[in-house]
Amino acid sequence: MGRGKIEIKRIENANNRVVTFSKRRNGLVKKAKEITVLCDAKVALIIFASNGKMIDYCCPSMDLGAMLDQYQKLSGKKLWDAKHENLSNEIDRIKKENDSLQLELRHLKGEDIQSLNLKNLMAVEHAIEHGLDKVRDHQMEILISKRRNEKMMAEEQRQLTFQLQQQEMAIASNARGMMMRDHDGQFGYRVQPIQPNLQEKIMSLVID
């Protein structure tokens, strides 16, 4: 007796639904990998769980973005709006421009120049000479600025030295003034006790 046909409908029990999703998901990914290897097919798989988690698989020979682009071209269905297409074109343009600049930089460094013709080599030579002129000009600006700064520092040093000398002279002058005042004060103190004796001697002479 054969198995009865299982009705396909939403599993109400949350735990059973999670278990079934995990099993069926793993089975789908396994089948996608098998058909990729067995049939040399380009396979992509994207699954979104009920909780929003994404599970994806893409064959090793092509990334998912390239596969979606191929799908869009072959099916005629637009997966991206005009804004995204313009953005994609801008990215491609910037990438090509970057590759061109990288190649030009290698040429300026003397690399990969075997394929250049005479006209291109002359253009590279002109670019190098122009770059050298700009480097020399900037180098001269730095040297002039350095000398100017050194001159300013020397002038500041001279002014500081002069101010220091003036301060030292003022301190020395103040010290000499204090020493002279101290000396005068000591002399007046010694003479003071002698003055009464002189007055007594003068008085005795007057009386005699």
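Glycine residues also receive a Cβ, built from the backbone N, Cα and C atoms like all the rest.
Residues annotated as domain 'MADS-box' in Swiss-Prot: 3-57.
Look at Swiss-Prot and you will find 75-117 tagged as coiled coil, backed by sequence analysis. When Cβ-Cβ distances below 8 Å are used as the criterion, the coiled coil (75-117) is approached by residues 68, 124, 127-128, 131 of the same chain, each at least six residues removed from its ends.
As annotated by Swiss-Prot, domain 'K-box' applies to 84-170.
When averaged over the domain 'MADS-box' (3-57), pLDDT in the model lands at 89.
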